[in-house]
Amino acid sequence: MCDVVLGSQWGDEGKGKLVDLLCDDIDVCARCQGGNNAGHTIVVGKVKYDFHMLPSGLVNPKCQNLVGSGVVIHVPSFFAELENLEAKGLDCRDRLFVSSRAHLVFDFHQRTDKLKEAELSTNKKSIGTTGKGIGPTYSTKASRSGIRVHHLVNPDPEAWEDFKTRYMRLVESRQKRYGEFEYDPKEELARFEKYREALRPFVVDSVNFMHEAIAANKKILVEGANALMLDIDFGTYPYVTSSSTGIGGVLTGLGIPPRTIRNVYGVVKAYTTRVGEGPFPTEQLNKVGETLQDVGAEYGVTTGRKRRCGWLDLVVLKYSNSINGYTSLNITKLDVLDKFKEIEVGVAYKLNGKELPSFPEDLIDLAKVEVVYKKFPGWEQDITGIKKYDDLPENAKNYLKFIEDYLQVPIQWVGTGPARDSMLEKKI
């Protein structure tokens, strides 16, 4: 059976820390979607490991790790990340596998990603992408012109000729769209001829890989990237990523049926953050937002960009839960709220004076909503490193209890500090 870790807000909730905790007792860790446009750090002992595309289960020497079909792979970044982990002493090559059906991200995808973003920014319609080529790659995938891993690693000489033809067709279409941008396709092709041999040992039929693991009753952890509110279908479109970041992406990205899912863990930051453009109803463009940003060290791992900050939004979380069906929650960074005398939580939206029954899909409406807040007294004491739920201040427990009651989902873990072991588990 599979347990799944998913982001419930706009990303950066701290999924990696929960995955790190759960990785100690699993046999397989799988990434199902996204690319190297996300990132987190795992600390083992005194060593920090940075993950962007590769599964976090690599830190467990007994765990096999899969980059699934729904992931898009920038091969140079794949090897750079792997080599960085190995340089820090992690022996993981024999435990890392890549789906033959995953699509490839090329340098021209990254180049066109930045050109498109610059084009949009002139009209003040920038999405705020990471520039990693993720969107353009999913675009070629959807238009059925993309190139998959098996196209690259197939040892048949005809396959390499087919790869080059597909590649040049994609390059030429981008040149027609954007002109003669600074790019050397011959140089990239020469690199990929070498990657063809280097990547081949990692490649597997991921559907067969997953179903063999399930049949063998292996403990499987699926590591979601990004978060529900960035989902291509259910997020704040068009200010979203280009993949299915919810529970649906787990199934389609790994080729597994719904009945194989056991637990869905929703990771919830104790307040709300967002990177890049897009609506953010509870954003605090004031001292509150600045304090959350400073105390919470809210800067992106992948881009280094400052994260926008605001109060917890339970309207967003209720919507997120309705789609992903969380079996329990991990509330992260509760300690960031330690010094607030008063804490607010968004509990409803009003539009034109009327309370909305659900999260609005139209951004014009979303930009006009009035957030209804509930106020809580803060606990104004340091909770860093607390290991038992009962040892939390009463006001902190009241805050958490309200979240549970509102969402009707139990809280199983609470983050009480940045350290690896600053996570308490609550009986549910």
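Glycine is no exception: its Cβ is also placed from the backbone N, Cα and C atoms.
As the structure is a computational prediction, the values presented were derived from the model and not from experiment.
As written in Swiss-Prot, here are the features:
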type	residues	note
ACT_SITE	ASP12	active site, proton acceptor
ACT_SITE	HIS40	active site, proton donor
BINDING	11-17, 39-41, ARG307, 333-335, 415-417	GTP binding site
BINDING	ASP12, GLU13, GLY14, LYS15, ASN37, ALA38, GLY39, HIS40, THR130, ARG144, ASN226, THR241, ARG305	IMP binding site
BINDING	ASP12, GLY39	Mg(2+) binding site
BINDING	VAL301, THR302, THR303, GLY304, ARG305, LYS306, ARG307	substrate binding site
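Take the Cα of ASN226 (IMP binding site) and measure to each of the binding-site residues GLY11, GLY14, THR41, LYS306, THR416: the nearest one is GLY11. In this structure, LEU334 (GTP binding site) is part of a helix by DSSP. Taking the Cα atom of each, ARG307 (substrate binding site) and THR130 (IMP binding site) are about 13 angstrom apart. In the structure as shown, the Cβ atom of ASP12 (active site, proton acceptor) sits within 10 Å of 28 other Cβ atoms.
Each of the binding-site residues GLY11, GLY39 was scored by the other Cβ atoms within 10 Å of its Cβ; the lowest score goes to GLY39. For GLY14 (GTP binding site), the same-chain residues lying six or more positions away in sequence with a CB closer than 8 A to its CB are HIS40, VAL267, LYS269, ASN330, THR332, LYS333, GLY415. A gap of 21 Å separates the Cα atoms of GLY39 (IMP binding site) and THR416 (GTP binding site).
Across the fold, the C-alpha of GLY304 (substrate binding site) and the C-alpha of the residue listed as 'active site, proton acceptor' stand 12 Å from each other. When secondary structure is read from DSSP and collapsed to three states, ARG305 (IMP binding site) falls in the coil class. The 10 Å shell around the Cβ of ARG305 (IMP binding site) contains 13 further Cβ atoms across the protein chains shown.
Fewest other C-beta atoms within 10 angstroms, among the recorded positions LYS17, HIS40, LYS306, ARG307, are seen around LYS306. Among the recorded positions listed here, namely ASP12, ASN37, THR130, ARG305, ASP12 has its C-alpha nearest to that of THR416 (GTP binding site).
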